[in-house]
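J.: The structure follows.
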Amino acid sequence: MAALHWLLLAALLGCTLAEEQAIFYNCEEASEAVCSVKEVRINPCNPNKKCIFKKGVNASISFDFEPNFASSKLVTTLYGPFDVEFDEMTNVDACQYTKCPTEPGKSQVLDYTLYIGKKLPQGTYTFKWKLWNPEETSQLCCFKTTIKIRK
């Protein structure tokens, strides 16, 4: 029985370690007084290197944010280089991936799994993630992080 507990603990620890904190910074257009991103976790990601995504597999992105606004609806968009929106992640109902309504000053987590398409070009990119109240677009959270896509 003790061996089973150790096995479960090791499995849980392995899952926790697989998703690492990513280096990120807030977007210029977002005010931390309105919404602050506290932590970004990406799998696969190594905190000592860039997050490296392999084509043809899924990557999971999770981030903690604290909105200072109340909203019953949230919309999210993922932007690639040159602020080009990803087709699959444009004006998506974010309430599918985090709790709605938001409450001012209450931390939340957004979890999303993204397929890394085989047609995406290899290279190192900065992407931007925006989350906002569609009824008041100045109420937004936003961060940027750098990833690498490889074969």
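Quick reminder: no glycine exception, Cβ is built from N, Cα and C everywhere.
Swiss-Prot lists 1-18 with the feature signal peptide, giving experimental evidence as the kind of evidence. If you look up Swiss-Prot, you'll see C27-C141, C45-C51, C95-C100 marked as disulfide bond. The N-linked glycosylation site feature in Swiss-Prot is assigned to N58.
Please go over these features one by one and say how buried each is and what sits next to it.
T.: C27 (disulfide bond) carries neither a helix nor a strand DSSP state and counts as coil. Within 10 Å of the C-beta of C27 (disulfide bond) we count 17 further C-beta atoms, all protein chains included.
Around C51 (disulfide bond), a 10 Å sphere centred on its CB holds 22 further CB atoms from the protein chains shown.
Residues near N58 (N-linked glycosylation site) in space but far in sequence (CB under 8 A, at least 6 apart, same chain), listed by position: T113, L114, Y115, I116. DSSP gives N58 (N-linked glycosylation site) a strand state.
Sequence-distant neighbours of C95 (disulfide bond) (same chain, 6+ residues apart, CB-CB distance under 8 A): K73, L74.
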J.: In three-state terms from DSSP, label C95 (disulfide bond) for me.
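T.: Reduced to three states, the DSSP call for C95 (disulfide bond) is helix.
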J.: If you measure from the Cα of C51 (disulfide bond), which of the disulfide-bonded residues C27, C100, C141 is the nearest?
T.: C27
J.: Quick check on the disulfide-bonded residues C45, C100, C141: which one has the highest count of other Cβ atoms within 10 Å of its Cβ?
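T.: Checking each of C45, C100, C141, the winner is C141.
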